[in-house]
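Reviewing the structure listed below.
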Amino acid sequence: MEAFTTHTGRAVPLRRSNVDTDQIIPAHWLKKVTRDGFEDGLFEAWRKDPEFVLNRPERAGATVLVAGPDFGTGSSREHAVWALQNYGFKTVVSSRFADIFRGNSLKNGLLTVVLPQETVDALWQLTENDPTAEVTVDLVARQVRAEGITADFELDENARWRLLEGLDDIGLTLRHEADIAAFEAGRPSYKPSTARI
Amino acid sequence: MGRTLAEKVWDDHVVTRAEGEPDLLYIDLHLLHEVTSPQAFDGLRKAGRPVRRLDLTIATEDHNTPTLDIDKPIADPVSRTQLETLRRNCAEFGVRLHPLGDVEQGVVHVVGPQLGLTQPGTTVVCGDSHTSTHGAFGALAFGIGTSQVEHVLATQTLPLSPFRTMAITVEGELPEGVTAKDLILAIIARIGTGGGQGYVIEYRGSAIEKLSMEARMTVCNMSIEAGARAGMIAPDDTTFAYLQDRPHAPRGEDWDAAVAYWRTLRTDDDAVFDHEVVIDASELSPFVTWGTNPGQGAPLSSAVPDPASYTDASERLAAEKALEYMGLTAGQPLRDIAVDTVFVGSCTNGRIEDLRAAASVIEGRAVAGGVRMLVVPGSVRVALQAVEEGLDKVFTAAGAEWRHAGCSMCLGMNPDQLAPGERSASTSNRNFEGRQGKGGRTHLVSPQVAAATAVLGHLASPADLPGLAGATDVRTTVEV
């Protein structure tokens, strides 16, 4: 996983709540068997509208998505995270993320930042009025900064450490090999097995 | 202090626990399908890692599979590649696979329970958010992303941060004609699509205890639509009776030991939930969605809400956008909404009881002119059972299409899709924009409402049908 320390970039204000993962990447894109090449599928239906915020020329190259509450609801498809990353987003800000999407994002180095809705409103206002306004998401200081806005955010220490270091979760878990083997030795015999009967 | 059901199951699976770190949880059952696994197998291959526990892993094909002409090559080359990739990966790593054409093939969340693999007190994961279905057995079951699929394949564990607990207590009797689907749609409308965020929900109370296993699966299935990490129901004699003698259920002494353990899987009387919701089952009525998220629902007897009536700005905006997308106007009675397509199926309502319920409504009647009705069994086993009972004939005699098992129009990854602007009444779980096909409009309903809607051509309940002996009119019941 790519490490995340701090990032500064222009923003895309997405004034919508309940952006489900079917909107982020429609199901027909899920037939691909790779982790890349999803950028054209990002918000595919909405991008057919030339006025959609992502299509505005002043938003080209923006890397910070500022979204409404309940972002990433619905399907567990990690393709939603890959699509955002493939498109160029480094971080997403919202007042509330769906759990599975949040977990997926942090495992891929896409930093999802939870801020109060008032701060999200302020970021929307700032970046709608001034598309060139830059937003800094600083994981070291756990802080979001933009003109006139300074907001601390929370992220548990373990998730932060893994992001800062860009660590591979599987490698970390396999350090506990002896514990896993010991747990397996104690599992009751009535537990289900998929071995063919 | 006592513990909740979810906490007991969690505690029994902790491999390591350390301050400041997520618990490392052991996974008892890992279900795979073609969509969310290819990149995970690629990861294993690159790292030179094997699948740690082939005996706790099983795969089937469901999302892409066609429901017509399954003996012919799959027409869509991209879908075909994805299914072939799963077959290659399963062969290379040694994973048991039930492919298209196999008698155990079907929607992954229908297959696990019917094989008896989903058992009380287990941890179940799958790269699919509707894994919450398996919580109906008192399992801690949740959907995961592809990185986690790879993690479980490699280690049979997952590092997981703690959850909060929510009790949704449903007391009383569900009125006649009101189903588990109506109940869960009403719950989601009440707590919202983010209301369960961070929680494992335990459904309890006398109305839940009276539900069959299949109805319990319908309830737990849609926990994710309320944003919950999982939904659970304490196992009881209904659960044990469902499991006994299934192919992978424990036998002999193992069965006795298992049941003894399973009986301990109840929330202690002195356990405290972080949040509690109480619902009176007797106040419920057939429930449908009008919007573009599963929380935007209302009793069938009511009307499309006026966005102006919402005090919360983002909810108001969401309602406005939903009405625009759905082509509806505020104040329009829900019963007046005409549909083009009716879909009966999915991991929410694609089991035998669902097909029986829909068949009982449509038997002797006909699908309305201009309406297409698809009936897609959740698995090959469900299809075989339905054929044995003659349900397929009931559907085809009424003018419905009887299809092969799979996810089908729930998400339209195969050719079963809505055309732009088409409207469906669907027994599936998501009414998201474009979910059933680009520009398609979805109303989530129960199997009974789906069948009645097919007959009348507009959203309706069986009570609206003329001449249905013994039906009671539930139109006047109160909203939750």
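Here the Cβ of each residue, glycine as well, is placed from N, Cα and C on the backbone.
Fair warning: this is a prediction, and the values are worked out from it, not measured in the lab.
Per TrEMBL, these features apply:
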type	residues	note
BINDING	B:Cys347, B:Cys407, B:Cys410	[4Fe-4S] cluster binding site
REGION	B:419-442	region 'Disordered'
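Long-range C-beta contacts of B:Cys407 ([4Fe-4S] cluster binding site), restricted to its own chain and to partners at least six residues apart, with a cutoff below 8 Å, comprise B:Asp62, B:His63, B:Thr65, B:Val107, B:Ser346, B:Cys347, B:Met413, B:Asn414.
For the recorded [4Fe-4S] cluster site, residues B:Cys347, B:Cys407, B:Cys410 set the reference point as the centre of their Cβ atoms, and the other residues of that chain within 8 Å of it by Cβ are B:Asp62, B:His63, B:Val107, B:His109, B:His130, B:Gly345, B:Ser346, B:Thr348, B:Gly350, B:Gly378, B:Gly406, B:Ser408, B:Leu411, B:Ser428, B:Asn429. Within 10 Å of the C-beta of B:Cys410 ([4Fe-4S] cluster binding site) we count 29 further C-beta atoms, all protein chains included. In the structure as shown, the Cβ atom of B:Cys347 ([4Fe-4S] cluster binding site) sits within 10 Å of 28 other Cβ atoms.
In terms of DSSP secondary structure, the region 'Disordered' (B:419-442) contains 0 helix, 6 strand, 18 coil.
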